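Accompanying notes for the structure given below.
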Amino acid sequence: MPLTRYSAEAFGVLTICLVGLLVLLGLVCIGYTFYLRSCVLKQRFILLNYFSGPWIIRITFILFTIWWGFGEIIRLNYLRRPGRVLNVLDFKWQENVCKFYIVSNLGFAEPCLFLTLMFLLRAPLQNIDTGILSRKWNGKTASCVLLFALPVFVLQLFLILIGPELRENRKELPPYFTRTARSMQNSNDIALCSYPLLNTILLGLFTTVLTAYLIWLGRRILKLVINKGLQKRVYTLIFSVSSLLPLRVLLLGLSVLSRPEHFLFEALAFSAFLVLLCCAGVCIVILVYCPVADCLALGNLNDLEARRRVILDDQNDTASLIANQTHLDESIGISPERNSDASTKRGSISFRTFIRDEPSSGPFVELSLFSPSRDENPPGSPPPVGWPMMSSTHVHGP
């Protein structure tokens, strides 16, 4: 079925809007990552240095995602119609843009995206000294990603360059195996991008290998995870990547059954774009946003705990001063019973002191805003009204 003008504009506008949302999500996560890194460098969250170790690779993963999103925009037939941005180019240059898109996205952005994902998942399994705490880990990982993606990039570029020769030398080979663009029926000046089947098969082989490695890697990670929340994240990530990546390759392969200006082709191409968009969004949230948000929350809890300890230390110092004042009152002849009655009349206060009749007992502080004593009482004895006085270096938990 031929593609109508409104359908083409709907697919194009929706693709641009979704890429914009993905870029916005990526920029927010990059800002979050830089904020966590600044907190670690300022010694505020020094204990979280391990979790902020792969910050460069996380940002690199987002940048590869943004690169892929802009590549999906330049592929759109929506931009090639009369009056659009790419319509000012002639047919040859529009075809070169389609070739650049195949090499850029299928040959570079997507392989780098998948490889970076694998290295981020593999990071917790590495040795601490040589892993993400190492100063060279980010640089080594980035080099490995580019090195492993280089063969795929070279093969994709090779298939694009020898495509015209294959069509001329092998007449029995269908054109859709190597064709990167087709002319519009009503206008020979407009080149519509398509997906060469050979390039899609190469991407499928690469995706199959990485999917198998991901499943093996995920099983190792699940053996180390003891938190149910983290288990859900790992399961979601493994299921999303292992199902959506092969589905994208399948949809791209089926796109050769229709012409680029038909509705079926645009629906398949948009579905393949949407599948990888969802996969990239899930990966960004689980691998970038959630770890950074957890670290910031844990750091804030540490700050609250430190402030609580300071307050408790001050309160213990105040209680010690009150106890010392009680001893001073006793030395000038004030009876313990009168002091106890006076303290009782003061009403509900946080700290009250008294001296027990037993000579072996020391000063006690009643903590009316805190939990009872942790020590168990002997059977039949009344519960103690306070905790034994501790030095200011000891902290009682709430």
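Glycine is treated like the rest: Cβ placed from N, Cα and C.
Per TrEMBL, these features apply:
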- 358-398: region 'Disordered' (REGION)
- 12-35: transmembrane segment (TRANSMEM)
- 47-70: transmembrane segment (TRANSMEM)
- 100-121: transmembrane segment (TRANSMEM)
- 142-163: transmembrane segment (TRANSMEM)
- 197-216: transmembrane segment (TRANSMEM)
- 237-257: transmembrane segment (TRANSMEM)
- 263-290: transmembrane segment (TRANSMEM)
Result, the transmembrane segment (263-290) in contact with the transmembrane segment (12-35) (3+ CB pairs under 8 Å):
yes
Determine which residues of the chain contact the transmembrane segment (100-121) at the Cβ level, with the cut-off under 8 Å and only residues 6 or more beyond its ends counted.
54, 57-58, 60-61, 64-65, 67-68, 71-72, 74-75, 141, 144-146, 148-149, 152-153, 155-157, 160, 180, 193, 195-196, 199-200, 202-203, 206-207, 210, 213-214, 217-218, 221, 237, 241, 245, 276, 280, 283, 287
At a C-beta cut-off of under 8 Å, are there same-chain residues at least 6 beyond the transmembrane segment (142-163) that contact it? List them, or none.
56-57, 60, 99, 102-103, 106-108, 111-112, 115-116, 119, 178-180, 196, 198-199, 202-203, 206
Taking residues 6+ outside the transmembrane segment (263-290), which of them lie with a CB under 8 Å of any CB in it?
1-4, 7-8, 11, 14-15, 18-19, 22, 25-26, 28-29, 32-33, 58, 61-62, 65, 68-69, 72, 75, 77, 110, 113, 117, 120-121, 194-195, 233, 236-237, 240-241, 244-245, 247-248, 251-252, 254-255, 257
